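A.B. asks: Before I ask anything, let me first share the structure, which is written out below as structure tokens.
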Amino acid sequence: MSSSNSSSAVRSSAKHAAERIQQHLPPNSNHAVSLSSSSLNLPARTSIVAPGIAHSSRLKDRPSASSSSSSSSVSASSPSTRRSGTPVRRSQSKDFDDDNDPGRVRVSVRVRPRNGEELISDADFADLVELQPEIKRLKLRKNNWNSESYKFDEVFTDTASQKRVYEGVAKPVVEGVLSGYNGTIMAYGQTGTGKTYTVGKIGKDDAAERGIMVRALEDILLNASSASISVEISYLQLYMETIQDLLAPEKNNISINEDAKTGEVSVPGATVVNIQDLDHFLQVLQVGETNRHAANTKMNTESSRSHAILTVYVRRAMNEKTEKAKPESLGDKAIPRVRKSKLLIVDLAGSERINKSGTDGHMIEEAKFINLSLTSLGKCINALAEGSSHIPTRDSKLTRLLRDSFGGSARTSLIITIGPSARYHAETTSTIMFGQRAMKIVNMVKLKEEFDYESLCRKLETQVDHLTAEVERQNKLRNSEKHELEKRLRECENSFAEAEKNAVTRSKFLEKENTRLELSMKELLKDLQLQKDQCDLMHDKAIQLEMKLKNTKQQQLENSAYEAKLADTSQVYEKKIAELVQRVEDEQARSTNAEHQLTEMKNILSKQQKSIHEQEKGNYQYQRELAETTHTYESKIAELQKKLEGENARSNAAEDQLRQMKRLISDRQVISQENEEANELKIKLEELSQMYESTVDELQTVKLDYDDLLQQKEKLGEEVRDMKERLLLEEKQRKQMESELSKLKKNLRESENVVEEKRYMKEDLSKGSAESGAQTGSQRSQGLKKSLSGQRATMARLCEEVGIQKILQLIKSEDLEVQIQAVKVVANLAAEEANQVKIVEEGGVEALLMLVQSSQNSTILRVASGAIANLAMNEKSQDLIMNKGGAQLLAKMVTKTDDPQTLRMVAGALANLCGNEKFLKLLKEEEGIKGLLTMAQSGNIDIIAQVARGMANFAKCETREIMQGRRKGRSLLLEEGVLEWLTSNSHIDSASTQRHIELALCHLAQNEENANDFKRTGSVTEIVRISVESSRDDIRSLAKKILKTNPYFSS
């Protein structure tokens, strides 16, 4: 059993690998791989494991796409591929030729996926129905050989989205309602098949979950954005043949009215709400859903106990533009027209059998009324389908409400919901036949368009009121204007008389003023002439002043240029004076130096003493003259130049004498220097000879180095040639590995084909054993054995042709695709016990652990973890995994990935390691137990199942050691808080997980050292409950034995 749990994900990974390989096959290839959810199914091993990993939690009346065993791809495999001696008979149902008739009732079918209970109970049986959505057909199995085929307008698998269902079923009806036609959308089917989910799901948290009601109103409100369309709704339920208002629960037992002339059905007492937007509708719909009757049954946790009818009234004005253009016209063309349409969305309560649904008490009465109304509806459908003259619509209030939907003037779309389980064969057949009969009904679709006299009346009344008010306003305005004009006329007459008097007076005054102004104007002309003459004179003076101003500016420019030149000249003179002063100071310094030198040579230069005194006197006189002539630049410069020349002549003479003396002294110094230089040359010559010798030595060293370099060059050339040969060899090896990889893929496809054939043989075996007896079962078991032997032969041939060592080498490839395919093959091989030893001997465990530690690819992590889980079933592999730190590495995987499939594989591997007594303490030290508890926090039912299995294995091994006397003290699990976790999860829905938790609690309770912890956590009550309610006899017996023998529990 543990082998099937640990290797199921490996089979899934191998399936995906084969699909990936098949994508690269040419389009016309004959090697197509047939895959299903049971590909690569290998023999199971016995251990404490979870019986299934691919469980799906069942939500309230909701189709789920997570269950692979209930997908249509499995059940849609062609029966012709299965080997059977009995031919398969298929009976075709009549195809409907009037698909384009807009009045025909459109019928669609939707299949609910298997729930968790059906996955366990129906695991060995094929699906009851087989869907063919491409050709819009459904096959219903009668038995293993016979099936009936039915055609529908739409066929939806269990993976179909809510949006796709709405667009296929309801959207054409909604569009017709917007165009003015009545419409009906209805869901019919057995209880628990997803009617309320399909029609009435609100989808508050997830918009993708919204049902037909919400999506239909969303489309209608989107088109009703203009003011010409109004949308109103009413929401009723038919509960036990009583019509109740879901929007006003106090309204009970509302009556139904029928118009004798038109035959229209109405419910006048229902609450009608004007819908503004989608949020408003969702609030109203939530109120109605809250008031609807529901109950918990065996087949559905929230089973609807009433028929819900949502009625949407759409009113649309047709000539809005004409009314705006001619608001006052009263002709026939001005009468507004309106289109009234009505949409019924009906969520029927599910038909059910009391013995299967487990109803009792008041729910039996509810079921009677539900079945009664549905029976009446079925009778009406039968009568309409058969063309009967009498339609029994008055047998039930439901048929009266739906009178216009079947055989009336509405466009009707029916969706029937069915389940995949064979336990409800009769209910599924009845539902399908109901849909087939409904497809024969053709309604007379009519467009309801009428004159809107009410709107016209209101508009005319508004116009009359407006015109009356306008006439009164005009009369008042006319009277007020008349009084105002009379008043203004009187004022004008008075003002005219006064103006006439003022005009006569003013004319006399103006004549006098005119005479005075003429005289003053003549005087002003004279003054103007005088000012003109003065202006000409001033103009001439201005011209003269301008000329003077130009001359003045020119003189100023010349003066400024002169001043600039003067300033430059003065600066030049000052620089020259400063230079002469500096030269005089330099001469004084030189003279003083000469004095010092002459005093030292008195015997030789005695004749120069007088000249030196005269020079000092001349210098004194020169300085005095220089001070006197500071204000006269030119004279002072000339005198200074003369004195300077004389002083230079004298100083030159003195310098000549000094040079002669120095020359004598320098001759002696030159001789001594030549001696010194000769000595230095000798020393340098010796150094040069030494340098020559060292140079010769270095030259020899360089020659030796050069020879070494030549040898190294030859060696490097040889290494380069060797590297080229190695590269060529590696290229050949790479090509060889690629060819081996292609062989590996080919063998993998053959293996999968064999496994697929084995699955078909297994299904046929299970069916044949139930119907054909022992003889047919034995024949098919022999075929199954042959298929299994063929599979083992294929795996053996795969190992022999390619070799496990080469496959493990491909795991280290840099090509990610090659690496993924290689690890999938290793995982597939690891599921076979014969290959596990070879993988361990070839270093497969080290390679997989290294891959898990270093890789970041989710696919590699998932498949490698599955391979490790398979290898962990082998004792030798367990030793190697623990010695290489595999437990700690697996425990840390919870921080590396959150993929539930990967974590399930890791939990399965740790659970297998928990079954070895040698590693209990080491698993705790390397945080293996803590890692399992951390993985259980994900909430995934499959991961929790593996964690529970691991705890049961650990507790079982501890109990065995304690009974054999090899261990004492509290359980290691209690130190990690496992007891609290087991207690809190002991009521989990999964039967296998609950069994493992019960086993773990019983094994822990056998150790008396754990008694205080059981009392502290309240787990004793769980032991008591297990002794009474456990589904396994052996577990109940063990719990009772513990309660009797343990004094701490009995007290």
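Each residue's number is its place along the chain shown, starting with 1.
For all residues, glycine too, the Cβ spot is worked out from N, Cα and C.
Pasting the relevant annotations from Swiss-Prot:
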| type | residues | note |
| --- | --- | --- |
| DOMAIN | 104-441 | domain 'Kinesin motor' |
| MOTIF | 411-419 | motif 'D-BOX' |
| COILED | 452-534 | coiled coil |
| COILED | 568-761 | coiled coil |
| COMPBIAS | 772-788 | compositional bias 'Polar residues' |
| REPEAT | 792-831 | repeat 'ARM 1' |
| REPEAT | 875-915 | repeat 'ARM 3' |
A.B. asks: Taking residues 6+ outside the motif 'D-BOX' (411-419), which of them lie with a CB under 8 Å of any CB in it?
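C.D. replies: Distant contacts of the motif 'D-BOX' (411-419): 102-103, 105-112, 118, 128-129, 165, 169-170, 172-173, 176, 181-190, 192-195, 198-199, 405, 427-428, 431-432, 434-435, 438, 441, 443, 445.
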A.B. asks: With Cβ-Cβ distances below 8 Å as the criterion, list the same-chain residues six or more beyond the ends of the repeat 'ARM 3' (875-915) that contact it, or say none.
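C.D. replies: Answer is 2, 5-6, 9, 12, 47-49, 53, 836-837, 840, 845-846, 849, 852-853, 858, 861-862, 865-866, 868-869, 922-923, 926-928, 930-932, 934-935, 938, 940, 942-943, 946-947, 949-951, 953-954, 956-957.
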A.B. asks: Mean pLDDT, the coiled coil (568-761)?
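C.D. replies: Averaging the confidence scores along the coiled coil (568-761) gives 70.
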A.B. asks: In the motif 'D-BOX' (411-419), how many residues does DSSP put in helix, strand and coil?
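C.D. replies: Going through the motif 'D-BOX' (411-419) residue by residue, I get 0 helix, 8 strand, 1 coil.
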A.B. asks: How does the repeat 'ARM 3' (875-915) divide up by DSSP, counting helix, then strand, then coil residues?
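C.D. replies: With helix first, then strand, then coil, the repeat 'ARM 3' (875-915) has 33 helix, 0 strand, 8 coil.
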